[in-house]
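To keep things clear, I will list the structure first and then write my remarks on it.
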Amino acid sequence: MTTPFGLSTVLGYPRIGPHRELKHAVESYWAGRIDATTLQDTAASLRAEVWRTLRDAGLDAVPSNTFSFYDQVLDTTVLVDAVPDRFRRLGLGDLDTYFAMARGTEREPALELTKWFDTNYHYLVPEISPGTAFTARPDKAVREYGEAKALGVTTRPVLVGPATYLLLSKATEDAPEGFRPFDRLDDLIAVYEDILGALADDGVEWVQLDEPAYAADRTSDEIAALRAAYRRLGLLKHRPRLFVATYFGDLGDALPALLGTPVEAVGIDLVAGPGNLNRLAAAGPLHGRTIVAGLVDGRNIWRTDLRAAAAAGAALTGLADHVTVSTSCSLLHVPVDLAAEPELDEDLRVRLAFARQKVDEVVALGRALRDGVGVLPPAPPATPAAWRNDAVRARLDALRPEHVRRGPYAQRAATQQARLNLPPLPTTTIGSFPQTPELRQARAAHRAGRLDDTGYAERMRAEVAHVIAVQERLGLDVLVHGEPERNDMVQYFGEQLDGFAATANGWVQSYGSRCVRPPIIYGDVTRTGPMTVAWSTYAQSLTNRPVKGMLTGPVTILAWSFVRTDQPLADTANQVALALRDEARDLEAAGIRIIQVDEPALRETLPLRRAEQRAYLDWAVGAFRLATSGVADSTQIHTHLCYSEFGEVLPAIDALDADVTSIEASRSKMEILDDLRTTGYERGVGPGVYDIHSPRVPEQTEITDALRRAVAAVPADRLWVNPDCGLKTRGYPEVEQALTRLVSGAAEIRSTLT
Ligand SMILES: Nc1nc2c(c(=O)[nH]1)N[C@@H](CNc1ccc(C(=O)N[C@@H](CCC(=O)N[C@@H](CCC(=O)N[C@@H](CCC(=O)O)C(=O)O)C(=O)O)C(=O)O)cc1)CN2
Ligand code: MET
Ligand SMILES: [Zn+2]
């Protein structure tokens with residue numbers, strides 16, 4: 001049999017461009033600086049560059065339709081024509097309807113944005129009702145296939161699979177009680193049949209359908225539906241060959257289910273789901289089937305241990321007719337090219353592989369499966385001894401339970417209130433104020449040497465003074481310094497801690513046009529000196545009201561960094577926690593009375609499989625408590641959580657033992673409060689009273705309504721008033737207006753308390 005796939009492929013590749021060209025083009029289009037044609041031209045040249053790169057690197061099978069102007073799940077909504085009526089009614093053209101769904105308009109809120117599995121990528125949640133009229137609109141996939149073909153590259157269009165699409169969807173608000181989008185699978189399969197037919201008409205040989213939802217716990221009905229879906233698609237007479245890609249973990253019973261269908265190729269993640277190998281062996285010989293082996297980690301930036309990966313690949317070769325080497329998931333989650341990092345330390349660089357380098361690894365592994373491991377490049381030298389820090393290791397060994405325990409909450413609350421003397425329903429914000437273009441330009445000028453250290457510090461101090469003045473004028477009770485000096489809440493700490501490296505250009509898409517540069521944790525972590533104290537104390541010197549110290553918690557720092565894999569995550573988390581513990585004590589010693597330790601990624605990092613969640617929450621909660629329990633009972637610890645639904649982790653939120661938790665709540669209409677109460681949560685809580693993800697300013701009544709619901713659920717002496725999250729992506733005019741309403745809403749509700 002010929003090898004249908006060849007030896008090597010990748011499941012997807014970054015689409016932002018080597019220098020975030022896509023971000024710049026899309027944002028220019030939104031701002032009206034370029035027209036749609038110019039935007040489309042930039043997009044086409046970015047796509048062409050990816051196809052050429054992948055082909056020239058020697059990859060046998062090149063994917064297409066991995067490009068997106070915003071998000072691949074939103075693209076799927078267009079593909080199956082599940083565009084909600086509220087956006088159709090706007091009467092915009094295709095491109096602007098697409099961006100309206102992504103970003104909202106004056107009149108229509110955007111689709112909800114949420115985390116893509118346990119990654120830091122966010123997708124737009126489809127809204128499905130019993131009446132959604134699915135129709136095949138394969139134009140984009142067809143067009144991009146043709147575009148690549150014209151360049152001489154035969155590609156494999158990639159689509160989100162129908163089962164995963166529906167499992168990631170939510171029911172529209174008007175849907176009947178009990179309706180689940182997944183109930184519509186048969187209807188959607190009919191549309192995928194049309195799509196596959198259209199692709200076959202165009203000469204497409206292979207299609208990739210992504211079904212990562214099956215790496216999470218699924219019911220037996222959902223697994224049976226997956227099998228039925230792919231049996232049906234497999235029976236189609238006129239279709240391309242089907243490659244069902246799974247990733248992000250072990251498939252469990254979904255693997256034999258998929259293998260029981262006529263799909264020609266199945267992809268398994270052997271990095272996040274090593275158990276897939278045994279499952280596959282148990283399934284028996286796989287005649288006529290290709291296994292696409294995800295041997296190169298698509299989510300971390302370390303070079304692959306090629307010899308170990310080749311051994312795993314060889315084990316598979318005995319099981320399937322054909323094995324193709326691939327990445328564990330799309331390379332969307334790693335930076336584009338290590339070549340753009342000339343400043344990185346050489347000891348580190350030789351251990352790294354970004355997307356471009358991972359393609360070379362996949363190609364090399366594919367050849368090694370055919371020709372033997374002799375063709376593989378040598379492994380990097382042993383880890384430098386200097387990356388180890390025995391002092392921090394000794395400190396961790398010496399930790400005892402009393403190091404992660406504070407006094408009883410009631411006692412803490414009383415001493416804190418005696419010191420802070422806050423009104424009921426204190427008002428505050430989550431930390432950041434608008435990151436204006438001027439701030440970013442100042443930072444860029446500083447980096448480029450056009451603005452010296454003193455000039456930069458002066459500029460940032462002026463901003464802090466401005467942020468304090470604004471908050472005093474608006475009448476907020478607990479102030480923040482605004483975080484103007486931070487490029488990002490994780491990268492900023494990564495740049496200051498030993499054991500971390502920062503990249504110059506290591507951008508990864510987070511959502512839409514927004515990107516982050518995750519720092520790299522390569523060695524033992526230590527703090528070389530105070531990181532935030534000067535900013536916080538400066539801010540505090542300008543006001544009599546309490547200013548919150550502002551730190552990012554250990555779990556979030558790990559979640560949004562690339563982390564070393566040579567020791568348990570818990571050990572790395574505790575090293576970070578010790579650095580934060582020292583920082584918190586320094587803030588306290590400098591007179592800061594409230595310290596917020598943000599953990600927005602606490603829920604995101606929860607393992608997809610319930611069986612692994614307990615162990616994760618144990619170390620995650622432990623690291624947070626290690627970071628926050630070094631201060632006196634009279635210092636108030638806040639934490640902040642956002643970007644997720646928290647139902648599953650409420651006991652863990654309680655176990656964090658923070659004095660006050662601010663939590664995203666406005667979109668769930670404060671439901672979180674009832675949930676918190678039923679778990680016995682009894683400390684301070686600040687449910688977000690308005691959504692900061694949109695430029696829309698909330699009406700006064702929306703805020704007071706939210707607060708009324710909140711005081712009905714939480715005793716007023718434990719209730720805080722704040723937005724859902726930080727204000728860094730917003731502009732000043734809207735922020736001032738929204739906060740004015742927040743303060744007067746709090747005053748109004750306060751006046752109704754007896
Ligand atoms: N790490 C992380 N993950 C997270 C979040 C988060 O805050 N951090 N929040 C959620 C996701 N939300 C996000 C919200 C905003 C941005 C965001 O605004 N990103 C910025 C970059 C932020 C940054 O690194 N800024 C730098 C560099 C800015 C920059 O682009 N500078 C220009 C020059 C300056 C200019 O002209 O603007 C350049 O280098 O070319 C700085 O301020 O210093 C962007 O895409 O534009 C990202 C994620 C979940 N995951
Ligand atoms: C993503 S959570 C953000 C918390 C941070 N303190 C901010 O206000 O931006
Ligand atoms: Zn937040």
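Using N, Cα and C of the backbone, Cβ positions are placed for all residues, glycine too.
Copied over from TrEMBL:
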{"type": "ACT_SITE", "residues": "HIS693", "note": "active site, proton donor"}
{"type": "BINDING", "residues": "ARG20, GLU21, LEU22, LYS23, LYS115, ASN120, ARG514, CYS515, TRP560, GLU604", "note": "5-methyltetrahydropteroyltri-L-glutamate binding site"}
{"type": "BINDING", "residues": "ILE430, GLY431, SER432, GLU483, ASP598", "note": "L-methionine binding site"}
{"type": "BINDING", "residues": "ILE430, GLY431, SER432, GLU483, ASP598", "note": "L-homocysteine binding site"}
{"type": "BINDING", "residues": "HIS640, CYS642, GLU664, CYS725", "note": "Zn(2+) 1 binding site"}
{"type": "BINDING", "residues": "HIS640, CYS642, GLU664, CYS725", "note": "Zn(2+) binding site"}
{"type": "DOMAIN", "residues": "8-311", "note": "domain 'Cobalamin-independent methionine synthase MetE N-terminal'"}
{"type": "DOMAIN", "residues": "425-746", "note": "domain 'Cobalamin-independent methionine synthase MetE C-terminal/archaeal'"}
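Overlay of TrEMBL annotations on the structure.
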{"residue": "ARG20", "record": "5-methyltetrahydropteroyltri-L-glutamate binding site", "Cβ neighbours (10 Å)": "18"}
{"residue": "LEU22", "record": "5-methyltetrahydropteroyltri-L-glutamate binding site", "Cβ neighbours (10 Å)": "24"}
{"residue": "ILE430", "record": "L-methionine binding site", "Cβ neighbours (10 Å)": "26"}
{"residue": "GLY431", "record": "L-methionine binding site", "Cβ neighbours (10 Å)": "26"}
{"residue": "GLU483", "record": "L-methionine binding site", "Cβ neighbours (10 Å)": "26"}
{"residue": "ARG514", "record": "5-methyltetrahydropteroyltri-L-glutamate binding site", "Cβ neighbours (10 Å)": "12"}
{"residue": "ASP598", "record": "L-methionine binding site", "Cβ neighbours (10 Å)": "25"}
{"residue": "HIS640", "record": "Zn(2+) 1 binding site", "Cβ neighbours (10 Å)": "28"}
{"residue": "GLU664", "record": "Zn(2+) 1 binding site", "Cβ neighbours (10 Å)": "24"}
{"residue": "HIS693", "record": "active site, proton donor", "Cβ neighbours (10 Å)": "21"}
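With a cut-off of 6 Å between Cβ and the nearest atom of ligand 2, the recorded positions LYS115, SER432, ARG514, TRP560, HIS693 reduce to SER432.
Considering only the binding-site residues ARG20, SER432, GLU483, TRP560, the residue whose Cα is spatially closest to the Cα of HIS693 (active site, proton donor) is SER432. Look at LEU22 (5-methyltetrahydropteroyltri-L-glutamate binding site): DSSP puts it in a helix. Mapped onto three states, the DSSP output places SER432 (L-methionine binding site) in strand.
Under 6 Å, Cβ to nearest atom of ligand 1: this is the test, and of the binding-site residues SER432, ARG514, ASP598 it is passed by ARG514.
Among the binding-site residues ARG20, GLU483, CYS642, CYS725, residues whose Cβ is positioned under 6 Å from ligand 3 are identified as CYS642, CYS725. If you take the Cα of ILE430 (L-methionine binding site) and the Cα of HIS640 (Zn(2+) 1 binding site), they are about 7 angstrom apart, rounded to a whole number. The Cβ of LYS115 (5-methyltetrahydropteroyltri-L-glutamate binding site) lies under 8 Å from the Cβ of TYR121, HIS122, GLU604, TYR643, SER644, each of which sits 6+ residues away along the same chain. On a Cα basis, GLU664 (Zn(2+) 1 binding site) lies 14 Å away from GLY431 (L-methionine binding site). Within 8 Å of the centroid of the Cβ atoms of ILE430, GLY431, SER432, GLU483, ASP598, where the record puts L-homocysteine, the same chain has further Cβ atoms from THR429, VAL480, MET489, MET550, GLN596, HIS640, CYS725, GLY726, LYS728. The two recorded residues, LEU22 (5-methyltetrahydropteroyltri-L-glutamate binding site) and GLU664 (Zn(2+) 1 binding site), have Cα atoms 30 Å apart.
On the backbone, the CA of GLU483 (L-methionine binding site) and the CA of CYS725 (Zn(2+) 1 binding site) stand 13 Å apart. If you compare every pair of Cα atoms in ILE430, GLY431, SER432, GLU483, ASP598, the residues listed for L-homocysteine, the longest distance is 13 angstrom. Considering only the residues assigned to 5-methyltetrahydropteroyltri-L-glutamate binding, ARG20, GLU21, LEU22, LYS23, LYS115, ASN120, ARG514, CYS515, TRP560, GLU604, the longest pairwise Cα distance works out to 28 Å. In the shown protein chains, 25 other C-beta atoms lie within 10 A of the C-beta of TRP560 (5-methyltetrahydropteroyltri-L-glutamate binding site). A separation of roughly 12 Å, to the nearest angstrom, links the Cα atoms of HIS640 (Zn(2+) 1 binding site) and SER432 (L-methionine binding site).
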